[in-house]
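Chemist: If you scroll down you'll find the structure; I have some questions about it.
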Amino acid sequence: MIRKTIILLLFIIVSITWGTTFIAIRIASDTIPPLCITGMRFLLASFFLIFLCFYTKTPLLFPSNKKIFQLIICIFYFSLPFLLILYGGRYVNSTIASVIFAIMPIIVLFLSFIFFNKKLYFFQFIGLVLAIIFLSIILFKEIELGDEKTIKGVIALLLAMTSHAIIYLYSKEKYSNISILTFNALPSLLSGLFFLVISNILEHPKFDNFSNISILATFYLSYFSGVFGILSYFYLQKKVSAFQASTIFFIFPIINLMLEEFVWGNSIGIDQLQLIVFLMSSILITIFPFDLKNFMRFIKNFKK
């Protein structure tokens, strides 16, 4: 009973933190420049992660023969993707942005099939194709309503999501023995310093202009959405199957959609909503480990 309660709480926490991330970014960016937000977010999170490393006696550095991958994580999992997210988020609706990141499980599945020869079931392939089709239609409609900057924003978000997926997959396959604290602590610190230096050069942030609500949103992004959300998700992955953990990607865009309408009164058209539902259903089909042969065998045995 206690185990089920913990799993349910973890599921709720991760769904809420991920579903509110783009909303919190928008609130924080009301008075804080975007590069500065990201720098503060990573830097604040890194302090707590480094403290946890010392408290739990977890190494900050990767093993000597794997240190280069720690730098790769810093660049391609933190700095570059979040730079692209900042750019894309300026020109793409937050609901559409969350939908783009919702397809990450199927991108990971597809890349696993391509690079690591992981088995891809027939229905997973069908779900993958359908998800790509529905996402393409959704993005085409979003671009149709926008302009050239919207196209660039969509491309930036797709590149950010793909970069995340590649590093996540590679680290899972090759570096699964690395602690999640080690994985995040120093890359967060270095990325935070990088963004703050760039922000100071390009944005010239003035602390006096920061509103209390924007500062609170930044702390929320750092600790609740960042540290707490990430640690909860990785802990959840150890408690449940990959399929059960991946259903969060099905839930958090819906939370974002509801909050977008509740906070700002922004709603999407019924056609676009239907497409999102179809896309989410396709994702569910793709991440569900359904084997047609086993299913047919079950039907035959059932008839007997």
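In case you wondered, yes, glycine gets a Cβ from its N, Cα and C as well.
What Swiss-Prot shows for this protein is this:
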| type | residues | note |
| --- | --- | --- |
| DOMAIN | 16-140 | domain 'EamA 1' |
| DOMAIN | 162-288 | domain 'EamA 2' |
| TRANSMEM | 5-25 | transmembrane segment |
| TRANSMEM | 42-62 | transmembrane segment |
| TRANSMEM | 68-88 | transmembrane segment |
| TRANSMEM | 96-116 | transmembrane segment |
| TRANSMEM | 120-140 | transmembrane segment |
| TRANSMEM | 150-170 | transmembrane segment |
| TRANSMEM | 178-198 | transmembrane segment |
| TRANSMEM | 215-235 | transmembrane segment |
| TRANSMEM | 245-265 | transmembrane segment |
| TRANSMEM | 268-288 | transmembrane segment |
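Explain the structural surroundings of these features, please.
Modeler: Model confidence over the domain 'EamA 2' (162-288) stands at 85, taken as the mean pLDDT rounded to a whole number.
Same-chain residues lying 6 or more positions outside the transmembrane segment (5-25) and placing a CB less than 8 Å from one of its CB atoms are 34, 37, 89, 94, 97-98, 217, 220-221, 224-225, 228-229, 232-233, 235-236, 239-240, 248, 251-256, 259-260, 263.
Remote same-chain partners of the transmembrane segment (42-62), defined as residues 6 or more beyond its termini with a Cβ less than 8 Å from a stretch Cβ, comprise 69-70, 78, 82, 175, 178-179, 181-182, 184-186, 188-189, 191-193, 195-196, 218-219, 222-223, 226-227.
Remote same-chain partners of the transmembrane segment (96-116), defined as residues 6 or more beyond its termini with a Cβ less than 8 Å from a stretch Cβ, comprise 18-19, 21-22, 85, 88-89, 124, 127-128, 131, 135, 138-139, 142, 154, 157-158, 161-162, 164-166, 168-169, 173, 246, 249-250, 252-253, 256-257, 276, 279-280, 283, 286-287.
Sequence-distant contacts of the transmembrane segment (150-170), counting only residues of its own chain at least 6 positions beyond either end whose CB sits under 8 Å from a CB of the stretch, comprise 72-73, 76-77, 80-82, 84-85, 87-92, 96-97, 100-101, 103-104, 107-108, 111-112, 115-116, 139, 142-143.
Through the fold, the transmembrane segment (245-265) approaches residues 11, 14-16, 18-20, 22-23, 93-95, 98-99, 101-105, 233, 236-237, 273, 276, 280, 283-284, 287 of its own chain, all at least 6 residues removed from its boundaries and within a Cβ separation under 8 Å.
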Chemist: In terms of Cβ proximity under 8 Å, which residues at least six beyond the ends of the transmembrane segment (178-198) contact it?
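Modeler: Contacts with the transmembrane segment (178-198): 35-36, 38-46, 49-50, 52-53, 56, 58-62, 66, 70, 73-74, 77-79, 82-83, 171, 230-231, 234.
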Chemist: Is it possible to list how many residues within the domain 'EamA 2' (162-288) are helical, extended or coil according to DSSP?
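Modeler: So the domain 'EamA 2' (162-288) is made up of 107 helix, 0 strand, 20 coil.
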Chemist: Taking the transmembrane segment (268-288) as reference, which of 68-88, 120-140, 215-235 has the most Cβ pairs under 8 angstroms?
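Modeler: That would be 120-140.
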Chemist: Can you break down the domain 'EamA 1' (16-140) into helix, strand and coil residue counts using DSSP?
Modeler: 104 helix, 0 strand, 21 coil
